[in-house]
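Everything on this sheet refers to the single structure shown next.
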Amino acid sequence: MLLLVLNNFSAMETEGIVIRIKTPGGDMDSSVDSPSLLSFNDLLVAIREVMPEATITAFEYEDEVGDRITVRSDEELKAMMSYYYSTVMDQRMNGLLPEPLHIFPRAGKTPGIRNIHGLKVNTRPGSAQNCTQVPAPAPAPAEILPNNSLKKSSAELKKILTNGQINEQDIRYEELLGHGNGGTVYKAYHLLGKRVLAVKVIPLDITVELQKQIMSELEILYKCDSPYIITFYSAFFVENRISICTEFMDGGSLDVYRRIPEHVLGRIAVAVVKGLTYLWSLKILHRDVKPSNMLVNTRGQVKLCDFGVSTQLVNSIAKTYVGTNAYMAPERISGEQYGIHSDVWSVGISFMELALGNFPYPQIQKNQGSFMPLQLLQCIVDEDPPVLPVGQFSETFIHFITQCMRKLPKERPAPNDLMGHPFIVQYNDGSVEVVSMWVCRSLEERRAQQQHPPTQCPM
Ligand code: ATP
Ligand code: MG
């Protein structure tokens, strides 16, 4: 049993964790990719970076009864990590997602440290010793250059604390990826994190209070950890616009592919259903399932993006544009209650469009995006849902779409029924090669049309 726990602990040490530094000005989250490499000094430097005005000499964490325990050394940091891993295991065993590790910086009254006798010693080279203090021992080479060693560990820290906060000045914008109704998405490079990002910039004329509320609502994105959900790195406001930084997907969104073969769509559907099931397990409704919010890459991964975690953000964007989303379920178009089943409708209509190569309601022309006047979408409320043509598609696929697009929300499959549907079961084979090859081929065809050289694909 103990061995199992130890094994689990060492497995956890290779996973990333999120450390939440609780400062008087708010919380600052940092992802630590390799917690086993983290030292007490690393964390102290990180804290000093976010609280430069305070003299931080230690930090605290809370045990299960809320008592604060001070950390002042690598040994005490190890004890804190062991305690944290045990809480993470408990949370996982209870089906919960791990909470970030909360730490509370502790400011020292004077810039000094205590030696092993508990007496204060002055750490500034060349300054006079107080006669009541024990003379400081001759410093070891590393201690002679406290500033240099801090700088070095600060550089290392940047590698360890991979994202934390991303600032506009650290981002180099490279390419426009597309415009949506709310904002504009760019491919960009994060100079500090040394990675490619997708940055969605949304102009928002809102109060600072609302900005804060949006930022705190977006916090849940740090916790989203699924291979079927786009990874969220950071978000920040500059003047009257918010920038949301996420993982970049080199295959882009599915809306530009159209008419995808059924055996490829099957694998994509598995990923979409798994992504939604994950969100629903966190009590998050996607609310904007559509092909342009399903992203693919040349490795064959399929991930969902743009789900509505921030009510304030959704509301603020909604004020700046007019129109209704054509992928919305009939009950939503008529202004009724929205639930998981409405997401399921949107899955059905999206996959029907991707299979056919055009929007399933011929009377609805989506020339400019997916938002249009409500009256144009009335046919979705009034008419029987369309059905995929028999003969061109398999029976299981036709059944899957027909079930998702039942007019009555309650008749649509629930999350478990979706996962257990024969169409999903058939393609739930973990094969990413099919999607990868199809993405690569499609990108090459697109480039050939644009007379650009082909891309190197990983497979
Ligand atoms: P809406 O605003 O209604 O959601 P949309 O989804 O088409 O419409 P955006 O979300 O702004 O608009 O995205 C614009 C385009 O940017 C997408 O169609 C997609 O091609 C591209 N895009 C978005 N996120 C990423 C990403 N993480 N990686 C690569 N491309 C992306
Ligand atoms: Mg989108």
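Glycine too: its Cβ is placed from the backbone N, Cα and C atoms.
Annotations in TrEMBL come from automatic prediction, not curation.
According to TrEMBL, the features are:
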BINDING   Lys200  ATP binding site
DOMAIN    18-108  domain 'PB1'
DOMAIN    171-424  domain 'Protein kinase'
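Secondary structure of the domain 'PB1' (18-108), assigned with DSSP and counted as helix (H, G, I), strand (E, B) and coil, comes to 34 helix, 31 strand, 26 coil.
If you take the C-beta of Lys200 (ATP binding site) and look for same-chain residues 6 or more apart in sequence within under 8 angstroms, you find Gly180, Gly182, Gly183, Thr184, Val185, Ser243, Ile244, Thr246. The secondary structure of the residue listed as 'ATP binding site', as reduced to three states from DSSP, is extended strand.
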